[in-house]
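To keep things clear, I will list the structure first and then write my remarks on it.
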Number of protein chains: 2
Amino acid sequence: MKKPLILVTNDDSIVAPGIRFLISVMKEIGEVIVVAPDSPQSAMGHAITINNTLHLDKVNLDAEIEHEYSCSGTPVDCVKMAVHEILKRKPDLCVSGVNHGSNSSINVIYSGTMSAAVEAGIEGIPAIGFSHLDYSWNTNFEPLRSYVKSIVSAVLKNGLPEGVVLNVNFPKVDASEIQGVKICRQAKAMWVEEFDKRTNPQGKEYFWLTGEFVNKDLGEDTDEWALRQNYISVVPVQFDLTAHHAISTLNSWKL
Amino acid sequence: MKKPLILVTNDDSIVAPGIRFLISVMKEIGEVIVVAPDSPQSAMGHAITINNTLHLDKVNLDAEIEHEYSCSGTPVDCVKMAVHEILKRKPDLCVSGVNHGSNSSINVIYSGTMSAAVEAGIEGIPAIGFSHLDYSWNTNFEPLRSYVKSIVSAVLKNGLPEGVVLNVNFPKVDASEIQGVKICRQAKAMWVEEFDKRTNPQGKEYFWLTGEFVNKDLGEDTDEWALRQNYISVVPVQFDLTAHHAISTLNSWKL
């Protein structure tokens, strides 16, 4: 059987340990192409670069990979570049991550990692975003290898429902404490922001965005619940944003 | 009755004719506060600024408005700034736009205009994004005044279903040709990209992202269909991205 062609990207940049780990796992499964940002692109959401130029550099961080590129754009730009500029055929799978930090719950909407997966989904490519609740650059990803392989293999074997990509988050616990994998819905949680106001050397005010993650969703079918119970959470994510259930209500308004 | 407090933002920057028009309409309806980007932020999606500082400048483009600010961040940053730094109480409504260009169909996911509205929705604020299919800076928005007022009034009167914001697009036709307002689903269309490859004066390659919008969705309940028939399209947009219908399929995988 022909090896699957797997596109690997992320938002923490091409040198991040998370993507290097993910590349090493994908090499066991298929033919790997890497197109990832040349600098950190966290929280870029589904941004694309339309008012600026894009640069693509062939790199060789892994001697076993023929096609490895760093790109000046966002994670979504990387996927578009890979599919429409670099590759001759559509990849069989796109994996994004492993992100250094959580993309559970509402974070999915801000996440560059997940936006890359969503963009691949829009292109009709089965796609998975992986994120680790541990923000540390030096996390030991190795214990997650078997879980990543099992989830990727299941997607390659079964395909994904149309219009759906997967958002996988790993709990911040030792491998021995992981309880397994849970399919979840995204918890209804949000960030309550606070701006850290400071004064620059010229006396002008500026701000840093900070915030606290607040989860009032007590459901036991959410990603937040699963992760707190030491499960790996898997949320199916859709990119048709239509709230179909609201259409009849709005029709009653007689606009 | 107390006047509603209305937050106005956009992604084309605070000086764009589209937001100046929207501000002029909102002044007829409520107390207006403006927090909008100091430079164009099109296609920024749901990006937020976490690796850079944010600046906020009080401006006075409209003598009748007390609170008008330009912000160095993305449209989503503007909403967060307004709600968590500037305002003492939550606004009764957030309107974003009028965007110079379409945000119908899949464009909703790339759109800074819509991401601002979505962010307001996450904060629990009824929110509407307005976009005009005419990209021209000099479009005459005036004929749209009565439609904007009627949609805003309906939202203020009825509220919006939980977790839903509105994506309103105006067709590029003379006011006399507008057929009315249609509640729609987002068409299943996408961009097929092409990268325009060029060489800079130093001999290095660079790219511009270009593309063609391709709609193979023939449904007559879509925003694309409505707009082609000269209707104003209104799509209810949700920000819980869970593909609930896919959960049972994934559960059968035994991961």
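In case you wondered, yes, glycine gets a Cβ from its N, Cα and C as well.
Here TrEMBL flags A:Asp11, A:Asp12, A:Ser42, A:Asn99 as divalent metal cation binding site. Positions annotated as domain 'Survival protein SurE-like phosphatase/nucleotidase' by TrEMBL: A:6-192.
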Least surrounded among the binding-site residues, given as A:Asp11, A:Asp12, when other CB atoms within 10 Å are counted: A:Asp12
Candidate with the highest Cβ count within 10 Å, taken from the binding-site residues A:Ser42, A:Asn99: A:Asn99
Chain B, Cβ under 8 Å: which of the binding-site residues A:Asp11, A:Asp12, A:Asn99 qualify: none
For the divalent metal cation site built from A:Asp11, A:Asp12, A:Ser42, A:Asn99, further residues of that chain with CB within 8 A of the site's CB center: A:Asn10, A:Ser13, A:Ala16, A:Gly18, A:Pro40, A:Gln41, A:Pro75, A:Gly97, A:His100, A:Gly101, A:Ser111, A:Gly112, A:Thr113
The domain 'Survival protein SurE-like phosphatase/nucleotidase' (A:6-192) [mean pLDDT, rounded to integer]: 96
DSSP three-state assignment for A:Asp12 (divalent metal cation binding site): coil
Structural state of A:Asn99 (divalent metal cation binding site), classified by DSSP into three states: strand
